[in-house]
Amino acid sequence: SVGFKAGVKDYKLTYYTPDYETKDTDILAAFRVTPQPGVPPEEAGAAVAAESSTGTWTTVWTDGLTSLDRYKGRCYHIEPIAGEENQFIAYVAYPLDLFEEGSVTNMFTSIVGNVFGFKALRALRLEDLRIPPAYSKTFQGPPHGIQVERDKLNKYGRPLLGCTIKPKLGLSAKNYGRAVYECLRGGLDFTKDDENVNSQPFMRWRDRFLFCAEAIYKAQAETGEIKGHYLNATAGTCEEMIKRAVFARELGAPIIMHDYLTGGFTANTSLAHYCRDNGLLLHIHRAMHAVIDRQKNHGMHFRVLAKALRLSGGDHIHAGTVVGKLEGEREITLGFVDLLRDDFVEKDRSRGIFFTQDWVSLPGVLPVASGGIHVWHMPALTEIFGDDSVLQFGGGTLGHPWGNAPGAVANRVALEACVQARNEGRDLAREGNEIIRKASKWSPELAAACEVWKEIKFEFPAVDTL
């Protein structure tokens, strides 16, 4: 005999361990599992633990050369999901030694790798991850974080205002720079490259960077405020991306931008390191996230992508609006917004938070609310997101009937009115419309904006529910 029993495995025997006490150093995962008909939940949960850690489909004799108990993932708890037939939350604990230090790429390759194509499962979704301090301490994290950003910009006590330059594709560099200048001059803190703007035939990246830098300096000189434009450094290769970041630094730009999912975590982490070493803020766009996170029973929830970004590094990240044109249910959105900003977040299932997360000293990330929002949303946004956020109005600035600068003025006046009202103790949720109406009496720009967008709503039921 060869000393082991050949044949296909029953995963449950090795990988389902309901008595396991989780360690402080384990990475914990909560999976929403939909087994194929006839597959018991324990077997499905164990299969997930096995396939995302040390297991393979059959017994191999090299198993005897390692300590399986030390390295295997363990499914330690399974609970049915209320209101769903044949869906379960499977909790899996992974020993820390399974993962390379400082690599989101490696962590995801294991935890959300091949296991998602596993035949015994009809669908699989990663709902949440608990990152232990022992692992998060191996990452640099955000280049600067919320407090350092406020100090760099000298802006306190209010949300920051941004605007994505539209039309997103087709403008020449000079016209693009003009739009940037007008928005910043009108009172915004930031303007933004659209995520699709990289270096296309109608506008090469170097020309755009130059004209935008000119716009920033001109607006700063005229307003006495620090201004920024998110220069999108995303490129086809990591080398080209860094080349663009270097040029942005040479121009004295305060902030650059990256599409972290399409660009990839390896590229993003490299860029975040460059940004900290060179004093650049890093704005992160989440293009492609809905491919991964929008299906309720398969893929990965955005809160996991948000945690991964905080490890990989970024100072801002788009996080839904709750009120605009893009997906986001209020409590769930606030759950991952807190996971981005706060040092310590308690487990709270009503907000979709499955684990208590302690970030220790990893800097926080500013959530960005962007997509289909306008001046009438300002009270709600100020109330929902609070001061530590960036509110971005693309069409809600550039769609102003009098032009870009008046659009920016309208947003800035609306924001200042909301912050002042809140500081005076007024209830933004109830009195929001009244606050905006009153402010518009003193600002013709705001009055015009109020008139244009008074009836606009994007009312569809949210898909992202608990």
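Even glycines carry a Cβ here, placed using N, Cα and C.
Taken straight from Swiss-Prot:
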- K166: active site, proton acceptor (ACT_SITE)
- H285: active site, proton acceptor (ACT_SITE)
- N114, T164, K168, R286, H318, S370: substrate binding site (BINDING)
- K192, D194, E195: Mg(2+) binding site (BINDING)
- K5: N6,N6,N6-trimethyllysine (MOD_RES)
- K192: N6-carboxylysine (MOD_RES)
- K325: site 'Transition state stabilizer' (SITE)
From K166, K192, D194, H285: recorded positions whose CA lies within 10 A of H318 (substrate binding site): H285
Cβ-Cβ neighbours of H285 (active site, proton acceptor) (radius 10 Å): 28
N114 (substrate binding site) - helix vs strand vs coil (DSSP): helix
Sparsest-packed among the recorded positions, when each Cβ's other Cβ atoms within 10 Å are tallied, from K166, K168, K192, R286, H318: K168
Fewest other C-beta atoms within 10 angstroms, as judged across N114, T164, S370, which are the binding-site residues: N114
Closest of K166, D194, E195, H285 to N114 (substrate binding site), Cα positions, recorded positions only: H285
For the binding-site residues D194, E195, the one whose C-beta sees the most other C-beta atoms within 10 angstroms: E195
Subset of recorded positions (K166, K192, D194, E195) lying within 10 A of R286 (substrate binding site), CA to CA, in sequence order: E195
Residue from K192, D194, E195, H285 whose C-alpha is spatially nearest that of K168 (substrate binding site), among the recorded positions: D194
For E195 (Mg(2+) binding site), the one of T164, K166, H285, S370 that lies nearest, given that the recorded positions are compared by Cα: H285
Rounded distance in angstrom between the Cα atoms of H285 (active site, proton acceptor) and K192 (Mg(2+) binding site): 10
